[in-house]
Amino acid sequence: MSEDHFDDEHEGHGGGGGSRHPMAARFRGYLPVVVDVETGGFNSATDALLEIAAVTIGMDEKGFVFPEHTYFFRVEPFEGANIEAAALEFTGIKLDHPLRMAVSEETAMNDIFRGVRKALKANGCKRAVLVGHNASFDLGFVNAAVARMDMKRNPFHPFSSFDTATLAGLAYGQTVLAKACQAAGIDFDGREAHSARYDTEKTAELFCGIVNRWKEMGGWQDFDD
């Protein structure tokens, strides 16, 4: 199925594709929302979702984008979920930590989706497009959680995404998040990495920096057309 066909079939979703809000004009009716997940492995169908964060993107009166609102949840593994010891060692997540205060997948996804739908309405956009560093990984886990809970109101496009690994490779010659941020002049603390919240906020800064740099170079000017 092509993206255009999907859009035609789902035109009623979101905040109204006909709006001329500058954000809707800039991204063809889509609202970029940065997402990062920390998981119990690489398989979205079998491995646990342990953390998820999302950052909505705003736009100022001059057409420059910026990170707006952050949503973050530690997530209880779904029943029967696989969790690889190597994944916990890599992320540093301690499932039995008394301050972890995890919530169910349903609570996390519903709260994030509620915030995304609010941002869609505010920006006159019809649907969110996931932005991620190696975005297919994050989108796969979002889609798997949606399928597990049979959620009917997923604001995200099911297969389109913006990948900051690709964008950073083009803009800065770097595809690793930490190195791409450093090349972009964004502070990055490796001790904070592999927290969904930290990685999402840094990915949002990187995405906005690339989009704004492109605009400054003349690549996007008349966002009212």
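Numbers here mean position along the shown chain, with the first residue as 1.
Note that Cβ sites are derived from N, Cα and C of the backbone, with glycine treated the same way.
Quick look at what Swiss-Prot annotates:
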| type | residues | note |
| --- | --- | --- |
| ACT_SITE | His194 | active site, proton donor/acceptor |
| BINDING | Asp36, Glu38, His194, Asp199 | Mg(2+) 2 binding site |
| BINDING | Asp36 | Mg(2+) 1 binding site |
| REGION | 1-21 | region 'Disordered' |
| SITE | Phe42 | site 'Important for substrate binding and specificity' |
| SITE | Phe90 | site 'Important for substrate binding and specificity' |
| SITE | Phe137 | site 'Important for substrate binding and specificity' |
| SITE | Phe159 | site 'Important for substrate binding and specificity' |
- Message: If you count other CB atoms within 10 A of each CB, which of Phe42, Phe90, Phe137, Phe159 wins among these recorded sites?
- Response: Phe137
- Query: In whole Å, how far is Phe159 (site 'Important for substrate binding and specificity') from Asp36 (Mg(2+) 2 binding site) when you measure between their Cα atoms?
  - Reply: 16
- Cβ-centroid neighbourhood (8 Å) of the Mg(2+) 2 site, Asp36, Glu38, His194, Asp199 excluded: Val37, Glu51, Ala53, Thr91, Ala193, Ser195, Ala196, Arg197, Tyr198, Thr200
- Message: List every residue in the same chain as His194 (active site, proton donor/acceptor), at least 6 positions away in sequence, whose Cβ is under 8 Å from its Cβ.
- Response: Glu38, Phe90, Thr91, Gly92
- Note on the structure: Among Phe42, Phe137, Phe159, i.e. the recorded sites, the one with its Cα nearest that of Asp199 (Mg(2+) 2 binding site) is Phe137
- Specify the count of other C-beta atoms within 10 Å of the C-beta of Asp36 (Mg(2+) 2 binding site). 30
- Which number gives the other C-beta atoms within 10 angstroms of the C-beta of Glu38 (Mg(2+) 2 binding site), all protein chains shown included? 24
